[in-house]
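A short write-up of the structure that comes next.
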Amino acid sequence: MKPDLSSLWQECLLQLQDQISLTDFSTWLRPLQADFSVQNTIVLYASNVFIKQKVDESYLAQLTKVAQELSGNAELVVQVKVGVKPEPKPAQPSALPTHHNKEENKPQTVIRSYLNPKHVFENFVEGKSNQLARAVAQKVADNPGEPSSNPLFLYGGTGLGKTHLLHAIGNGILSRNTNARVLYIHANNFMQQMVNAVRDNKMDEFKKFYRSLDALLVDDIQFFAEKEKTQEEFFHIFNNLFDTGRQIILTSDRYPKEIEKLEERLKSRFGWGLTTAIEPPELETRVAILLKKAEEKNIYLPEEVAFFIGQKLRTNVRDLEGALNRVSANAEFMGAAITIDFVRETLKDMLALQDKLVTVENIQKVVAEYYRIKVSDLKGKSRSRSIARPRQLAMALSKELTNRSLPEIGKNFGDKDHTTVLHACRKIAELREQEHSLEEDWSNLIRTLSV
């Protein structure tokens with residue numbers, strides 16, 4: 001039996017969930033709102049232009065095909081627009097601040113937000129690795145409580161900017177509504193507050209406080225793992241805030257479904273809104289971050305030196321800033337100019353560690369394990385797609401993550417010519433723009449190699 005219009009979109013989602021990765025599904029398709037008010041047309045509302053463009057480019061044809069097949073209507077048209085579905089879903093909460101019951105609507109005292117005023121959108125350096133996260137964070141700050149992005153779940157490795165964005169969202173909300181009750185808290189501090197409340201017999205006050213918030217920002221939610229009592233209480237707080245349209249923003253070092261010993265009901269709720277990854281910054285972004293930080297600290301950092309540091313240190317923003325602070329302090333103490341030679345000497349231990357962590361051999365091993373092939377296959381001559389593509393990817397990663405020259409990389413891949421390596425790098429760069437699955441593989445491998 002063909003689904004009626006009210007259930008067609010849900011049927012589409014169920015089918016599409018089996019066709020694309022869970023990360024892509026949660027990021028791009030799940031937040032869309034479907035409207036059937038126009039005959040023979042499904043209008044999908046995206047929360048911002050960035051999501052609309054991505055859906056148009058990567059998923060619209062697939063969406064249209066599935067919708068036509070499920071509806072039995074070959075003339076059905078699927079469109080994507082930026083905005084909110086005209087008629088709100090009855091089951092969904094309204095946007096902040098139209099919330100609270102009569103008792104909660106009483107005037108609330110101002111609370112301490114624990115936000116860092118230095119972490120704002122204006123000084124967050126944007127690049128390809130964090131572009132989507134930056135866009136959705138801004139959207140949440142502008143329209144807190146919007147159902148399509150509530151909760152907002154940001155995940156990625158240590159030192160990539162999750163906490164900065166978390167504070168930027170909170171500061172953005174407060175800049176638009178100074179009376180908003182916004183709280184930033186680390187997961188460990190939440191647990192400690194709860195322990196204290198139980199000890200002091202003040203759980204009622206604890207619950208009342210958290211349920212009075214307009215926006216709750218919890219950092220490093222993965223620390224709730226194994227803490228059954230904490231998870232139980234947070235479950236009820238989450239439900240109360242979500243059901244009344246208050247904004248929830250969470251960060252973690254991993255995708256919610258990958259957090260072990262966290263209740264399934266919490267994992268499910270964390271995926272109700274928008275889940276977005278922050279990847280390790282690419283070279284251009286690393287250089288931009290260094291130059292921005294140097295400008296903020298009034299440090300003269302020549303661009304070629306920033307480029308040198310960015311090439312050598314590839315892990316995260318925190319390491320880049322630490323390196324800059326060390327270079328600046330040593331230069332000031334010694335009265336020396338900041339040159340490439342000076343940086344090489346000052347950071348020699350950090351650079352040696354980085355070179356030791358990421359080698360061509362290590363990349364080959366990780367890529368081989370990822371694609372379930374042998375390292376010898378990567379060094380061989382097989383032109384089979386199942387071997388050639390991972391080989392090209394491993395070459396491109398070697399160029400990106402190590403300081404080896406093209407001839408040196410080629411030598412490690414069975415004495416391949418440097419032009420073969422160059423072709424592989426260009427091919428992978430091209431395919432990353434065209435095939436989202438390859439871009440996801442690239443990001444997963446970068447993340448693994450950057451640990």
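Glycine too: its Cβ is placed from the backbone N, Cα and C atoms.
According to Swiss-Prot:
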BINDING   GLY159, GLY161, LYS162, THR163  ATP binding site
REGION    1-94  region 'Domain I, interacts with DnaA modulators'
REGION    87-106  region 'Disordered'
REGION    95-113  region 'Domain II'
REGION    114-331  region 'Domain III, AAA+ region'
REGION    332-451  region 'Domain IV, binds dsDNA'
Other than GLY159, GLY161, LYS162, THR163, which residues of the chain come within 8 Å of the ATP site, judged by Cβ distance to the Cβ centroid of those residues?
GLY156, THR158, LEU160, HIS164, LEU165, THR251, ILE278, ASN316, VAL317, ARG318
In sequence order, what residues of the same chain, 6+ apart, have a Cβ less than 8 Å from the Cβ of LYS162 (ATP binding site)?
ALA133, LEU154, TYR155, GLY156, ASP219, THR251, ILE278
Which residues, sitting 6 or more apart from GLY161 (ATP binding site) on the same chain, put a CB under 8 Å from its CB?
PHE124, ASN130, ALA133, ILE278, VAL317
What mean pLDDT does the predicted model reach across the region 'Domain I, interacts with DnaA modulators' (1-94)?
77
